[in-house]
Amino acid sequence: MAFIYYLTHIHLDFGAVSLLKSECERIGIRRPLLVTDKGVVAAGVAQRAIDAMQGLQVAVFDETPSNPTEAMVRKAAAQYREAGCDGLVAVGGGSSIDLAKGIAILATHEGELTTYATIEGGSARITDKAAPLIAVPTTSGTGSEVARGAIIILDDGRKLGFHSWHLLPKSAVCDPELTLGLPAGLTAATGMDAIAHCIETFLAPAFNPPADGIALDGLERGWGHIERATRDGQDRDARLNMMSASMQGAMAFQKGLGCVHSLSHPLGGLKIDGRTGLHHGTLNAVVMPAVLRFNADAPTVVRDDRYARLRRAMHLPDGADIAQAVHDMTVRLGLPTGLRQMGVTEDMFDKVIAGALVDHCHKTNPKEASAADYRRMLEQSM
């Protein structure tokens with residue numbers, strides 16, 4: 001059986017942010033570095049977290065980019081050490097939480113960040129010295145608040161994963177109230193990320209019934225509420241269910257992901273118009289139909305009737321084309337439906353394919369993908 005580890009403290013409810021101080025005290029954090037971004041600060045959400053930690057010595061790092069980078073990890077880790085911090089509180093989307101995980105490594109371990117990347121054999125080098133982290137998500141997508149991994153763009157342009165149980169947040173404070181002001185476009189993109197996690201981890205071939213059950217329930221919640229949350233950001237029930245779907249997708253994906261993510265990781269590391277950082281959730285939505293078509297005849301998918309089980313969770317008719325349903329949902333949400341719309345060109349394929357073949361998600365796809373397979377998926381996603 002696959003290794004199963006669900007030991008994060010999770011608080012999921014409206015008003016949960018008020019528990020921040022008591023959670024810090026439980027964990028032993030007295031001087032937290034609050035890791036966030038300018039948008040969360042401007043929305044007043046960061047201040048709500050600071051107010052909830054009244055009496056603690058809170059330092060603030062608010063320069064998280066749209067995709068976390070090694071350079072920003074270095075800068076924040078230096079602030080962590082200079083301020084004498086003893087823990088981290090990440091308030092934001094997956095970028096802030098992943099950046100905080102990078103800080104948790106670099107502020108407490110020697111050497112360059114790249115030596116701790118999963119594909120460099122770095123997981124074993126991450127020890128229990130890693131700084132303790134509390135995660136407060138303000139989007140519903142990555143589920144990084146309950147995950148042991150982080151995705152960070154390195155100085156050399158590679159977008160790599162860092163995985164260790166020592167990076168698992170000590171507490172996930174999931175307050176849907178913090179997502180009520182999230183713009184429609186970001187609600188849709190992050191929501192499709194959560195849906196991708198639930199679908200892809202369910203299709204991963206490892207034997208892990210608890211993960212499968214969590215993923216299917218998360219998919220039903222996400223698929224059933226993403227349009228409502230996008231249409232009406234103040235819909236509290238939809239926001240609660242999307243936050244749960246996000247959390248559940250990440251709880252389950254310890255089972256493994258697949259080609260959606262092995263493609264979206266290198267795609268997210270591309271420089272488009274001189275800038276790095278295509279949105280991860282949007283990329284997942286765009287490439288997912290091609291990957292679903294590729295995986296349809298995978299042995300474990302056929303043996304376990306997994307597409308029929310996905311249809312039931314998504315409330316689709318028997319025999320419905322799941323790939324087309326995902327594409328149609330992306331259209332209804334107003335997201336880009338092709339990589340070309342996002343600035344990707346065919347001359348970038350070789351770099352993306354090279355990254356996909358060594359990505360940590362490549363090995364857990366239900367069907368082995370070759371370079372030619374990845375090229376076809378990219379062509380179909382343009």
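Cβ atoms are placed via backbone N, Cα and C, with glycine included.
Worth saying up front: this structure is predicted, and the values here are computed from it rather than measured.
So that you can see what the record holds, here are the features copied from Swiss-Prot:
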BINDING   D37, N67, G94, S95, S96, I97, D98, T138, T139, S140, G141, T142, K159, H280  NAD(+) binding site
BINDING   D193, H197, H261, H280  Fe cation binding site
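Features recorded in Swiss-Prot, as mapped to the structure shown.
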residue	record	contacts (Cβ under 8 Å, 6+ apart)
D37	NAD(+) binding site	D62, E63, T64, P65, G92, G93, S95, S96
G94	NAD(+) binding site	P137, T139, G141, T142, G143, S144, T190, D193, H280
D98	NAD(+) binding site	P68, T142, S144, A150, I151, I152
K159	NAD(+) binding site	N67, I151, I152, I153, H265, P266, G268, G269, G355
H197	Fe cation binding site	G143, A215, G218, S246, G249, A250, A252, F253, L257
H261	Fe cation binding site	A196, E200, N284, D359, C361
Cβ neighbour count (within 10 Å, all chains shown) around S96 (NAD(+) binding site): 30
Cβ neighbours of D193 (Fe cation binding site) where a neighbour is any other Cβ within 10 Å: 31
Other CB atoms, at most 10 A from the CB of G141 (NAD(+) binding site): 32
Cβ-centroid neighbours of Fe cation site D193, H197, H261, H280, 8 Å, sequence order: G141, T142, A194, A196, E200, L257, V260, S264, G281, N284
